[in-house]
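Data first, discussion second: the structure below is written as structure tokens.
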Amino acid sequence: MRKNSKVTQREHTSEHVTESVADLLAHEAPLDYKNSSLNVGGVPGKKIVLEPPENDGRPAWNSKLQYILAQVGFSVGLGNVWRFPYLCQKNGGGAYLVPYFILLILIGVPLFFLELAVGQKIRRGSIGVWNYVCPQLGGIGVSSLMVCGFVGLYYNVIIGWSIFYFFQSFQYPLPWAECPIRRNGSLAIVEPECEKSSATTYFWYRQTLNTTSTIADSGGLNVKMTLSLLVAWIIVCLAVIRGIASSGKVMYFSSLFPYVVLFCFLVRGLLLKGAVDGIAHMFTPKLEKMLEPQVWREAATQVFFALGLGFGGVIAFSSYNKIDNNCHFDAVLVSFINFVTSILATLVVFAVLGFKANLMNEKCVMENGEKILGYLNSNVLSHDLIPPHVNFSQLSTVDYAEIYAVIKTVKEGSFAELSLDPCVLEDELNKSVQGTGLAFIAFTEAMTHFPASPFWSVMFFFMLINLGLGSMIGTMTGITTPVLDTYKVQKELFTVCCCIIAFFCGLLFVQRSGNYFVTMFDDYSAGLPLTVVVILENVSVAWIYGTKRFMQDLEDMLGFRPHAFYFYMWKYVSPCCLIVLITATVIEMAISPPGYNAWVEELHQGYFFFTLFPFSYPPWALAMCFSLIVVAMLPLPVVFIARYFNLMSDGSNKLSVSYRKSMMKDISNLEEVDEARSILCKNPGETPSPKPPSQAYLGPPGTNPLENPNSLSPNSCYGTTLPKTPQPPPSPTE
């Protein structure tokens, strides 16, 4: 504290305090105490009139619908479309829904409710919220901001890919429908790389990414992807440049349009041949999978990321709400919408994948039927092995399965030499496709067989752009809101600068090797750091601040006391689940060597073909992987040590007067000067605290602030609850 500040001067003088409490708290210019709503020297017994929190000058949502759509747009993203269906396919179909739903109730809803509540109560971004709840753990907000920055860098690259495919969709036939023809004089041949893979795979890896064979070979910038990334950042910048005034309006379209497309795709998908096979495969539970710990770990991780916990976007959005908004209803509603969206997207994906599996199975039957016909003509196989009713010109999957079984039985010794494939539909449905492979290879291949395929392709990639944009708005809000709350900078200028810096940093991902860096950031920049951030959020509220006190604050804010279910979830169940999740994540990272899949040409059984081949990261890339984790988590110990040894302010002196007014209830009958000093957690004659003063939330109306410990105090981490006599601070767990 400055030696010449008014508060310090008054500690050493007997001068009567007549200036406003806001002046004492904010270290700002003196106010006119006679006209101030915070005047504590007025007529005894007269109740002080406080400015309502929602009128503190902070921006607010235009409507409840706009806010709900913003939270839905942030939580519902690309992961609902391509990660949830993949996990469902990989982990037992319908059986996977059971652990997912259980963990959604035990982890998802309680922690989502917690973030909504603290953001709405304290009305600040992630940095301000955790500085206020527990200054020593103020690094939580900085770590959230760091993770948002890392995720935003590569997430917008995926939007750039979708933008490129979107513009490529305005042509017929679609450019990935057929392999390109290479002409050598009068000779025309199919592009060998495309022929050895597939048209959609070749278009993705060679014409879109033009990827290199290793991460060490950058290959230079991909001009097409660089321009697409620039367009993506321009769109994001325009959407968030005016804060919720602009992003809230964008959410009306970007949050609702994907549902229109998903329903259209569901109706169209159900009319496709084989769609029922795909959906039946999804809902056929493999119950033995539920006994595998890996399934539960992946379900917990998906719940964790599906709701956007720890990013700071949830807290930032809720901070623009009215103080009495029913955030419990919001938490349950958004969680339910997110779960239903995942189920809807999975239905669409499995319907389309069922159609694709039937096409691939028919292609397999046709190719192997031609092989058998060749063996018959060359007398390798006897015609007696073929049932008389079989017609090779119209060979069905049932007939082929019958022929395959007969040949395998008769030619048991030499069957492997025939190189015949079983062509089982179940095998095609079991092929797990995740991430970019689902959106840019499997889905695009299926759409080439749709009638009016360009229309469906335009709709699909426009949906992906909107899903990504909704998540990016939340991610950018998680960056801009804490900084704008902490520092006095111009919103528009800061947003533009963030987008420009992010674009230039994002050039790492639009090299020809950029896809490998996207995988690296996706694997290491968010998973472990976010899990640590969320468990510290849970612990700081439930164990340091106190669950009982937090429940009382919620009752004051909402007008009702939340169910005791949340008390036990916050206090015991959620922290235990998160500790298990962190342990499992660390073990998996230790067991599985860090690596990536590169698109390379490989020799197998005498044939050259292109495939994804696993590679280990080189030493410099390994260092980069672990640097992402360290940099994201570094603010946690740095801030803790700095504030523990009083090397830095607790952040309360950066809070505005309006912020302090928004956290106060009714202050009545404050007649003595010493009672004004009690707001600063001081007693008459007490020596000045080396830590900057912080204002405490004084409890519900009609209670004595000196007797009510149930307050969201910025010093609660230190155990200060307005003592009447000087006492040593208790342990942090009290």
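Glycine residues also receive a Cβ, built from the backbone N, Cα and C atoms like all the rest.
Annotated in TrEMBL:
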BINDING   Gly73, Val76, Asn80, Asn338, Leu467, Ser471  Na(+) binding site
COMPBIAS  704-724  compositional bias 'Low complexity'
COMPBIAS  725-734  compositional bias 'Pro residues'
REGION    682-734  region 'Disordered'
TRANSMEM  67-85  transmembrane segment
TRANSMEM  97-118  transmembrane segment
TRANSMEM  139-167  transmembrane segment
TRANSMEM  225-244  transmembrane segment
TRANSMEM  256-279  transmembrane segment
TRANSMEM  299-320  transmembrane segment
TRANSMEM  332-353  transmembrane segment
TRANSMEM  455-481  transmembrane segment
TRANSMEM  493-512  transmembrane segment
TRANSMEM  524-545  transmembrane segment
TRANSMEM  565-587  transmembrane segment
TRANSMEM  620-645  transmembrane segment
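Where TrEMBL records a feature, it is marked here on the structure.
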| residue | record | Cβ contacts under 8 Å, 6 or more apart |
| --- | --- | --- |
| Gly73 | Na(+) binding site | Met251, Ser254, Ser255, Leu469, Gly470, Ser471, Ile473, Gly474 |
| Val76 | Na(+) binding site | Ser255, Pro258, Ile337, Asn338, Thr341, Leu467, Gly470, Ser471 |
| Asn80 | Na(+) binding site | Ala306, Asn338, Thr341, Ser342, Ala345, Leu467 |
Key: Leading stretch by Cβ pairs under 8 Å, where the reference is the transmembrane segment (299-320) and the options are 67-85, 97-118, 225-244, 332-353   = 97-118
Key: Sequence-remote partners of the transmembrane segment (332-353) [C-beta within less than 8 Å, at least six residues beyond its ends]   = 68, 71-72, 75-76, 80-82, 84-85, 88-89, 97, 101, 104, 108-109, 112-113, 259, 262-263, 265-266, 269-270, 272, 275, 278-279, 281-282, 306-307, 429, 433, 438, 442-443, 446-447
Request  = Among 67-85, 139-167, 225-244, 256-279, 565-587, point out the range having the most Cβ pairs under 8 angstroms from the transmembrane segment (455-481).
outcome  = 139-167
Note = Between the binding-site residues Asn338, Ser471, the one whose Cβ has the fewest other Cβ atoms within 10 Å is Asn338
Note = A correct count of other C-beta atoms within 10 Å of the C-beta of Leu467 (Na(+) binding site) gives 29
Remark   = Outside the transmembrane segment (565-587), at least 6 residues beyond either end, the same-chain residues with a Cβ under 8 Å of its Cβ set are 103, 106-107, 110-111, 113-114, 293, 297, 300-301, 304, 527-528, 531-532, 534-535, 538-539, 541-543, 547-548, 550-551
Remark   = For the transmembrane segment (97-118), the candidate among 67-85, 524-545, 620-645 having the most Cβ pairs under 8 Å is 524-545
Note = Beyond a gap of at least 6 residues from its ends, the CB atoms lying under 8 Å from the transmembrane segment (493-512) belong to 149, 152-154, 156-157, 160, 209-212, 217-222, 225-226, 228-230, 233-234, 236-237, 240-241, 476, 479-480, 483-484, 518, 521
Key: Per Cβ pairs under 8 Å, the stretch of 67-85, 225-244, 524-545 packing most closely against the transmembrane segment (139-167)   = 225-244
Key: Remaining residues near the recorded Na(+) site, that is with C-beta within 8 Å of the centroid of the site residues Gly73, Val76, Asn80, Asn338, Leu467, Ser471   = Val72, Phe74, Ser75, Gly77, Leu78, Gly79, Ser255, Pro258, Thr341, Gly470
